[in-house]
Amino acid sequence: MSQNVDEKVVHDDASVIRSVDRSESDSYPDSVSPEGAEPSEEEMKTLRRVARRVPLACWLVAIVELAERFSYYGLSTPFQNYMQYTKTDHPRGVLGLNQSGATALSYFWQFWCYVTPIFGAWVADTYLGKYNTISIFCVLYIIGILILFVTSLPSMSQNTSLGGFITAVIVIGIGTGGVKSNVSPLIADQVPKEKPSIKVLKSGERVIEDPNLTIQNVFMFFYLMINIGSLSVIATTELESRVDFWAAYLLPLCFFVIALLALFLGKKVYHKVPVGDKVIAKSFKCSFLALTKLNYDAARPSLNPDKEFPWTDKFVDEVQRALYACKVFLIYPIYWLVYGQMTNNFVSSAGQMELHGLPNDILQAIDSITIIIFIPICESIVYPFIRRFTPFRAITKIFWGFMFGAAAMVYAAVLQHFIYKAGPCYDSPNDCPGFKNIPNHIHVALQTPAYFLIAISEILASITGLEYAYTKAPVSMKSFIMSIFLVQNAFGSALGIALSPVSKDPKMVWTYTGLAVSCFIAGWVFWFLFKHYNDREDKWNDLDYEQDDGYNGELEPVVSLTRSFKDMS
């Protein structure tokens, strides 16, 4: 009797399988993979892709970044006024370096903050690991903010404030370099390393859970936290305007303690990738050998067994993939030069307009608010909609990021033209006889579209760049390759320093126009050079699954934002 039952069950199961095969054979000519299985080649081409849930450990890392960015943007946003004006000017300042001098020093600040990640990444990937490096550099960060706070007190002389400011900028820059190069790889490290798999939705639709989309969503979420933190500009600019600069710098100093607290609480929760054995030196040796022989096969142990190379064939493939990514980053300095206008020349332009009681540097919050609103929209609506028709690959996103950046500069040039057309000072705002410190008659709200366009360009170019740097780097070099991406911002700032002599009235229309043309051309050059990388994306990503790195990928997922907050409380 039991044998007959077993035979019936087997027969019924076979019937079900045949039924599924018949019902889906038109869409999927190959065999249908069961839920949880790795998709077939045909399914990879035809099924829609979705992301997995964001692991809980990512939230603690995100809190570290939120607190650090709260402090970074909160203290740096008042910098332009602090440097440009004196205590008797309107807007109020301290150092009195004028617009071109303040813009040059502002670009040095950005340059320094984005060249130091190279050092921070080297320390992490070679000696201390990401977690320990972040912890140590956070202490340096706090020391720098403390110096800035003390030397901005009203009792300090202008020379003392200038010396303290330069010292603080150097120390904070070292601190942010150690944090910035490691915190984004650390948050992505918390995502389990799993192959794509089949999932059946409640609607019955069969989809592919794609780990690369999960990484994409993690970086979108990461960037969301950055911009929530950057809303500190609202508080610090108000404190600067209504109290003084010392109050604006005291708030970031106090808030940074949250970053240290999140690091401490997550110490036993974070997945920490082991430090590689001189992995950066190995990668340079491998690359040098391949370049001198004009072929990466010359560095493969399997093809050169007599050489006894201290790496594997997979490592050679990973280094080659990373170099492709680094080539993509070479066009980014033009984009970062455009992006940098938001923190200096846009602020100066706002100071030439009627503010109606607002601080001239508060409008930077529009950029953050736009990103906070549009990241969830892009993640849940725009990107999935586009993926229904065509893969929306990284190179395509970055190209459109350049185009939106160029559009922002076009708008800024047109707006500056109308600022110069408005009285009473026309092309010498705030600085004509009889109208000293009187802005031209044009409303500051007209700057809003420029910040909006910059924000959309960030979602497309900046977030995708972070994702590209992480996914194309070898396992033990995530921080170093991330620092290569970040250092492009430093090169953009160096271009800004060279441009600063013309960043003054009445030349700003041509400054913005030149930036618009440069960004537009750079975007198209980028597209023609790298558009074929889109076709290699899946092949490069598959390299991560060729062998196990020892990480079992067991992390608790976040089911929803609400539940994750409850779990943390």
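Just so it is clear, glycine is given a Cβ too, placed from its N, Cα and C backbone atoms.
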Hey, which of Asn182, Asn212 does Swiss-Prot call N-linked glycosylation site?
Asn212
Contact between the transmembrane segment (104-124) and the transmembrane segment (479-499) (at least 3 Cβ pairs under 8 Å, separation 6+):
yes
Please identify the stretch among 215-235, 245-265, 398-418, 479-499 with the greatest number of Cβ pairs below 8 Å relative to the transmembrane segment (510-530).
398-418
So which of 134-154, 398-418, 444-464 has the most C-beta pairs under 8 Å when paired with the transmembrane segment (215-235)?
444-464
Return the stretch with the most CB pairs under 8 A relative to the transmembrane segment (444-464), choosing among 134-154, 322-342, 398-418, 479-499.
398-418
What stretch of 54-74, 245-265, 322-342, 366-386, 398-418 shows the most Cβ pairs under 8 Å to the transmembrane segment (159-179)?
54-74
Where else in the chain does the transmembrane segment (366-386) make close Cβ contacts, counting only residues six or more beyond its ends and a cut-off under 8 Å?
50, 73, 217, 220-221, 223-224, 227-228, 230-231, 233, 342, 392, 447-448, 451-452, 454-456, 458-459, 463
Could you check the glycosylation sites Asn98, Asn212 and say which one's CB has the fewest neighbouring CB atoms inside 10 Å?
Asn98
